[in-house]
Each structure stands twice: as C-alpha cells, then as structure tokens.
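Here's what Swiss-Prot has on this protein:
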{"type": "BINDING", "residues": "HIS41, ASP108, GLU119, ILE120", "note": "Mn(2+) 1 binding site"}
{"type": "BINDING", "residues": "GLU80, ASP108", "note": "Mn(2+) 2 binding site"}
{"type": "MOTIF", "residues": "124-139", "note": "motif 'Nuclear localization signal 1 (NLS1)'"}
{"type": "MOTIF", "residues": "184-247", "note": "motif 'Nuclear localization signal 2 (NLS2)'"}
Amino acid sequence: MEDFVRQCFNPMIVELAEKAMKEYGEDPKIETNKFAAICTHLEVCFMYSDFHFINELGESVIIESGDPNALLKHRFEIIEGRDRTMAWTVVNSICNTTRAEKPKFLPDLYDYKENRFVEIGVTRREVHIYYLEKANKIKSEKTHIHIFSFTGEEMATKADYTLDEESRARIKTRLFTIRQEMASRGLWDSFRQSERGEETIEERFEITGTMRRLANYSLPPNFSSLENFRVYVDGFEPNGCIESKLSQMSKEVNARIEPFSKTTPRPLRIPGGPPCHQRSKFLLMDALKLSIEDPSHEGEGIPLYDAIKCMKTFFGWKEPSIVKPHEKGINPNYLQAWKQVLAELQDLENEEKDPKTKNMKKTSQLKWALGENMAPEKVDFEDCKDINDLKQYDSDEPETRSLASWIQSEFNKACELTDSSWIELDEIGEDIAPIEYIASMRRNYFTAEVSHCRATEYIMKGVYINTALLNASCAAMDEFQLIPMISKCRTKEGRRKTNLYGFIIKGRSHLRNDTDVVNFVSMEFSLTDPRFEPHKWEKYCVHEIGDMLLRTAVGQVSRPMFLYVRTNGTSKIKMKWGMEIRRCLLQSLQQIESMIEAESSVKEKDMTKEFFENKSETWPIGESPKGVEEGSIGKVCRTLLAKSVFNSLYASPQLEGFSAESRKLLLIVQALRDNLEPGTFDIGGLYESIEECLINDPWVLLNASWFNSFLTHALK
C-alpha cells in the first residue's frame, strides 16, 4: 500500500500526509491504510478548490487557464494540509475579517462566495452514515458538510452541492480510479474495511489524577488497580451447574427443581379488550403509490420534483372530505393541512426559482397537528426542590388490547411477491477463494428469491423515509419541512420507476439527545376504505380525496382514493435504526445459511444449488392453528425476511421483553422434544414475565398467538 500511495499521489500531497501523521505520532509505513486515506482526502480538498475564483464583480467563475493578470481571488481558502498552529491562525483570521462563527473543530476549507466553512468527507462506507457521524461530531449548522464516496455517491448539507456538476464529476472520477487501481493490486478490500467511524474526544478519554485514585479505592477486595479489575471482568465467564449456583444463593431462597412434562405448559393468556390498532410509522399493505416510469423530468432525483411529477400522473382529485374522524383530534385541522400541502405545491410550480426543499407556512392547523407550544414548561430543579410534596405525576396503566385479524393479513401480504424489483445485485468484484464463490452463490440465490418481495419494498421505503426525516431534522431544525415519501424500483422489463406514497411534514427538531422526539404529520394515499376495519385506524383521520380508475378483468372501475393522516413522532435513535433496516436482509440470509449448513453437513458436500433449485421439496415455515405450515424455499426466505422486517417496523419494549422471556420457555419445550428431561423452578414466574409483555402491541400479540399454536403441536 505504501508503494501504491507514493506512485499514485502527487509528491507534495504525500509529503503533507506524512507530516500530518507524524504530528499525531503515527507512522505511514505501519498505518498504510490511514496514509492512503489522508492522501485521498487532501487530494479531494485540493480538487474541490482548483480553478474556482471570484472575479472583481464578486461572482464565482471557473478558469482553467487564462490571463494571469486578471483580478481574481481564490474562491476557497485551503485549511486542510497546514500544521495545526498555522491552520488555527488562518481560521481565526477568517473569523475576524468575515465575522464568521469560530468552528469547534478545524474545517477543511473556507468558501468566500458563500461565506461558510466547509468540511469535506471521503468515505468507503455509505454516505448518509458518514454524513451523520460528521454532523453529530461538528454539531454546527454554520459549517457546510460535503461527503463523497468511492462509489460515486455524494451528500451535502441541505442538498446544496456548492460546485458545478463537472467539478464534482472530476472528483468522483478520481475516487473511482483510485478504487480501481487499489482493487487491481488487491489492496481495496483491506482499505475499505479499515475505515472507522468519526473519533470523538470521549474515545481517547483517560482517567487521571483524583478520579483515577478514587477508581482504585472503590474496587472490590483482591484487586490492586482498575486495569486488573477490567482484565478480570473482560475475561469473566460464568460456568457451573444450576445446583451449585442455587447453593450460593441466600438460605431464604427455596427453589425446588420440578420435572417438566408434556402436561406442564399451558397456553399464554392473550389479553382481552378492544382490538389492537395499526402503529407502524408508515402504511404497509394499505399504501397506494403514484408512480412514474423511466423518469427523465427536469430535477429528476430531487425528491420534491419527483413528488410533483408523480402527483401529476393522477387526474381524479376532488374536494377532500373526512370519512373517518380521529376520536380525540381536531379533524378539520387535518383536512386544512392537506389543502395547505396541495396549495403550497401549486405555489412551488408557479415560482421561477427552483428550491430543493419546501418549508411549509406555520399555519394554526400545522402548529396544532405538530404539537407546537404544547410541551409542558420546564422548571429548573433548583427553583422547586424545597417543595415538600413534589412527586412524579400519576400515569394510567396502558389499556390492554385483543389480537385483531388485520396484523396476520399484514404479515401474509409482506411475504408476497410484487411485480417490481426493490434491490439490485451488489456489484462485488470477482471471487478469489472457494468460500467466496459459495457465499456469492448463496447471496445471489437469496436475492433472486426476495428482490420482488413486499417486505423488501418496506425495507427500501423505511430507509428512504428515515434518512430523509433525519436529514431534515438536522438541516432545518426550526422549519415545518415537507418531505415526500418516495421509493425507487425496477419493473419486470427493467425500467426504472419512482413511486410517491404521500408526504410527511416534520415539526421542530432540536434533537440534542438520541431519545429527543421530533413530531411529524404523515399523509398517505390508500384505496382501503377505513370504515371496514375502523379499529385498525384508531390513530388516523381519513379523508376521501379523489377517485381512481382501475383496470380489472371486467373493464375499468372507479374506486375512491383516501388519504390517511395522523400525528406521529420518532427520535434520532429510532431514525438511525430505521436507516439500518437493510440489515434484515442479512439476518434472514444468515438464517437460511444455517439451514443450508445443516443439510450440507449431513450430505458432506455443499448443498446450496440443490437447496434452491429443488422446487419439489417443501420446508417448514411456521405454526398455525392447522399445524406446521410448509412451503417452497423461496417462501421460507420471504417469511424469514418479513419476520425480521416486522421486528424492526414494530420494535418496542413489549417485543424485547416477549422475545427474551418466551425464548426461555421455547428452549425448555425444545429440550423436552429432544428427550433431555428438562427440570424447571418457578415456571409460574416465567409465565408471568412473558405475559406482562402482552399488553396492546399487535405484532407481539400475533407472536404470542403463534407461540400458542407451537405449544399445541409441539406437545402432541
């Protein structure tokens, strides 16, 4: 790698990178991947600045060669590449002359045209993840962030890419060339995998002085220092049988081990009450898409323009009316909010400027829907600590809900195939080792089975919505920003397709902590009449907004089109996990792999091909009241994926608790089926801990119902 760096980069860049590494006590000969990363970053900073000037009229111009006497000023001040002292001197000088806010961290450039500092990022990972790490580290809206990746993707604050397309294309081409050169020398994989997240001060935090002495004093007996204790804790592995653990417990604990037989377990008690309601962040089986094929309109790829183009494909709009009110809400406000969206989209079309984002007017209906000024006033603890009867307010127990049939229908629909492909095969290089060949083969077979699955559509929809909402929450904290809900796919014929599901309007979003909540109003198109299952739509106000002509076997029929509107909320940590929902593909692939491995070890050869291509064989999918359901290997792949996706979409403390506690009972039942004669104590306590998680969550209630079916058939 070191040789490659010296051949590939300009000697001046190499020298600057060496200096920078030595300044931090790092050796370019040892940390070669870091050496390459620093050189790449330096080169991108220089390319970003190259040929960009400001003329005597204060306009930004691009001049690659010309009159050396022209009165031109460099548009960008390069800060990256200077030693720290000099770099801070330059930053201070800029702040003094331009009145710019002083950044906490050294930026890479200063843009004299836009009057802002610029942070350049070059990542080997996904751009949105690296962008968020940068934004979280910098924590300043004044510094503009621009991220490039080696795959040609880029991301910038407020989608403002600063430079013209040609300048950015030069940078992307150079990065792609570096990647190809590395790959041809077998260096790329190591370089790609070596990238770590943004380091923070906390990671290098050392306990010293008084705190160190206090830490050493507060250790358990027999430990002389914190280091010794850490080593012990890191290497600690509990072992020993149940009886020996019980003997160490208090003498007051009276635990007698009871035999566990087929008659011991009882079904889980599923609560009664009104039927459970839909609580996912966006509509699933009931969603309706307005789509455009082979998009080539002006501004294609900018969500706002994609959305307007999709809206224009529908001609059946009519005066909206409420068909299912929200019991507790001010329903006319939701109606006015939709009318406001339509009006402001129309205004956008009439404007001469082309804004990339749309901030809604802060009308009374939106303020109400987004909970503006509704948060209770915070009082400093110092001002009220002397109040004698200060206590936490009483909160009611959550109302229990019964299992409703709609959640099983949702799950069945998620396992079905659609007529579009939602994921592409990854462009990964040639396989070198035999194990890579097998892994690629499995991945390709699996991708073929799930690429058209509706659960995969939910994945891509979830990634888009969470990414867009988190970006808007960071970039436009005080604004009520309009965010289209968009996904992209390919038709059977391979044509690109852009889909619009509806819109989100986000509220104020000063998200300091991971759990701070941002409110949003979702408005989603649907053909589902809410009056058939009103309990499912308890949290929604539903409007009829148009009539859609549908082609059927008997000709065209007109169906009413509905808009499902609700106030919702999410947090930074939930959005981060929502962006990671692609991991569900990996989890379900690993489950399939373990099935293939089990089969391969019996046959003593790799069974991947036979596993996927033997269409006559069926596999167990799950339990139902009828018994064990079986299906093709493709159905198994899609069912496992749908379960993983629903675990993400319906994530909750109830699900966490139910999964952890029911697993214990599952293992005991499995041990009984394997004739291992399991023994238990306090089985009643285990049932209690499982059933306290069965409250009102639809996905948990469905899993409990499946668990009961499993118990019935497993113990026959």
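Note: Cβ is positioned from N, Cα and C throughout, glycine not excepted.
Between GLU119 (Mn(2+) 1 binding site) and GLU80 (Mn(2+) 2 binding site), the C-alpha separation comes to 10 Å. Around the Cβ of ILE120 (Mn(2+) 1 binding site), the number of neighbouring Cβ atoms within 10 Å comes to 22.
DSSP assigns HIS41 (Mn(2+) 1 binding site) to a helix. Around the Cβ of GLU80 (Mn(2+) 2 binding site), a 10 Å sphere holds 22 further Cβ atoms from the protein chains shown. Taking only the Cα positions, the spacing between HIS41 (Mn(2+) 1 binding site) and GLU80 (Mn(2+) 2 binding site) is 9 angstrom. The Mn(2+) 1 site, placed at the center of the C-beta atoms of HIS41, ASP108, GLU119, ILE120, has further neighbours from the same chain whose C-beta lies within 8 angstroms: VAL44, CYS45, GLU80, PRO107, LEU109, VAL118, GLY121, VAL122, HIS146. Rounded to a whole number, the C-alpha distance linking ILE120 (Mn(2+) 1 binding site) with GLU80 (Mn(2+) 2 binding site) is 10 angstrom. Across the fold, the C-alpha of ASP108 (Mn(2+) 1 binding site) and the C-alpha of GLU80 (Mn(2+) 2 binding site) stand 5 Å from each other. The motif 'Nuclear localization signal 1 (NLS1)' (124-139): residue composition by secondary structure is 12 helix, 0 strand, 4 coil, according to DSSP. Model confidence over the motif 'Nuclear localization signal 1 (NLS1)' (124-139) stands at 83, taken as the mean pLDDT rounded to a whole number. For HIS41 (Mn(2+) 1 binding site), the number of other Cβ atoms no farther than 10 Å from its own Cβ, over all displayed protein chains, is 20. The number of other CB atoms found within 10 A of the CB of ASP108 (Mn(2+) 1 binding site), across every protein chain shown, is 23.
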